Amino acid sequence: ITKYVIVTSSNLPLFAPILQLPARYWQELQEEERKDENKVKKDGEQSKEALQQEEDKTQKAKKRKQDQSPSDGEKKSDPFPGPAPIPEDRLQKFKRKDKLKKPHRKQHKLRDIIARSEDASEMAQKQAARFDLLLPEEAGFLEGDEDEDTCMISQEDIAEAVDITSGAKYFNLKLSQFGPYRLDYSKTGRHLLLGGRRGHVACIDWASKQLMCEINVMESVNDVKWLHTEAMYAVAQKKWLYIYDSNGIELHCIRKFNDVLRMQFLPYHFLLATICHALGSAGKISVDEHFLNQPHHIQSHINHIRWPLSIYFTLSYKNLVFVVVVVFVYMVTSGMDKKLKVYDVRTFKPLKSYFLPAGAACLSLSQKGLLSAATGDVVQVYKDVCSMPVTKPYMAHRLRGTVWGLHFCPFEDVLGIGHGDGFTSMLVPGAGEPNFDGLDANPYRSAKQRQEWEVKALMEKIQPDLISLDPTELAQVDQATWEQRHQDRVEVLGFDPLAKEKFVPKYKKKGRSSAGAIERRKKQVAHEEQRDVIRKSVEDKMKMEKERKERERKKAALSTQKSALDRFKK
């Protein structure tokens, strides 16, 4: 790089070009530091300008919002006022009861209680209708091709058509040595209990195909039943009733229940109802052998799934009744007359009657209303038997042995069949409820959740006094008269707590307790009581007379009114 400098020496010219020496390394560092400082200053100035612009924008937005906001006296209107609308059909789906007739205004406390109860019921209905959108699962169904009946479709074809997980639910257990078998599914639908006629009892987690326990009680088994959880089950053996845990350990032997034929556990009442041969036993529902020999009458135990029942019920049949099954308000019976009858337990009248090829020995109703009937070694499934006439079965399946027990699995499209050759799990599309209540029966609950549910269920246990034929009676007001309640109270206590004691005159001195004085006091008290009765009867008569006059006055007022048709009178 050439530069021109001034030199004062006389030997050199005035302007002479010279070469500049290279800068030192510390000088280069100082120059770089100066450049960085200048750059930082420029960046700081730019950031300050950006911040100032942002502040200006926010201030303008606030000012614009204040200008657009309404004054204090005005309110901003909601474009969608009120709660979200709910379709009427969805509300009707979750309707619980009709509104009650409110009592007289004098009973203001009862009116308030009824009003609060109706408000709570209406709120629960609306919430259930809104939350119905959160239940995306729908029930399955089976449809055939043109001119093809669904009852002709085999289980193998269904297992091949569905996915692998659903197809694995169709299987057979060959247990011909200890059959025939009775069965029961747990409330959650995950565990299976099998009881062979020759003493074989097994607990299976059938979803994962794991064996929980397996024992042989060394005597005949009539029936098996899960209790409130899958940790305990009851076995009706030849002589007595036994309670076992899920490991096969005997917990209890109930000797009062001997010769038990069938059992049913009421989960919301924590009650185990049984049918047995013996008569006169406390706490049991019995079937007399005399009735079994006389085919005109039989006393049968009926149970209710949501509102359990445990009563004596008499059926008049031409032949022996095989089985009775009840779900909600419908009862289905079958007997030797080869008829399948549907009753309404509220009116005790038959609604529909169907003719079967043979008398059904076993019946079972699913959560979605499908009915399975077993005749010999053939199982037939019917659809909508309670609501509409049925001409042909929905599905059919033939087994190797005679059917001994039927039970639909909760929350699954599976029908468990116990027969002489073992156990068969049959696929029935549309049988189970697709959406389960995680707080009531959760198939995927852990051990901790099961323990918490058990404590809560024990605290919310329903009393046996609430068992009734018509479940809607629980939502009604008991309008029994005071006299009826008082009479019931007298029968329970054995005496009348409100009865007046016999008047005994007090003993007085100075000759005032003579026989004549005592009789006079007794008559005086008797006259006072008689006066009260007469006064009350006179008041009642005056009240009735006043009401009669009021009715006559209203009738006369109506008769004096002119009608538009009076001009046609002659």
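Every residue, even glycine, has its Cβ placed from backbone N, Cα and C.
What TrEMBL lists as compositional bias 'Basic and acidic residues' is 32-48 (among others).
Per TrEMBL, the feature compositional bias 'Basic residues' maps to 93-109.
Below 8 angstroms of C-beta separation, residues 503 of the same chain, each at least six residues beyond the ends of the compositional bias 'Basic and acidic residues' (525-555), sit close to that stretch. Summarising the annotation, TrEMBL assigns compositional bias 'Basic and acidic residues' to 525-555 (among others).
Taken from TrEMBL, the feature domain 'BING4 C-terminal' covers 393-471.
Per TrEMBL, region 'Disordered' is recorded for 31-112 (among others).
Feature annotation from TrEMBL assigns region 'Disordered' to 509-570 (among others).
The transmembrane segment annotation in TrEMBL covers 265-287 (among others).
The transmembrane segment feature in TrEMBL is assigned to 307-332 (among others).
Taken together, the residues in the domain 'BING4 C-terminal' (393-471) have a mean pLDDT of 89 on the 0 to 100 scale. DSSP places the residues of the domain 'BING4 C-terminal' (393-471) in helix, strand and coil in these numbers: 17 helix, 22 strand, 40 coil. Within the compositional bias 'Basic residues' (93-109), the DSSP-based counts of helix, strand and coil residues read 3 helix, 0 strand, 14 coil. Residues in the region 'Disordered' (509-570) partition by DSSP class (helix H, G, I; strand E, B; coil) as 51 helix, 0 strand, 11 coil.
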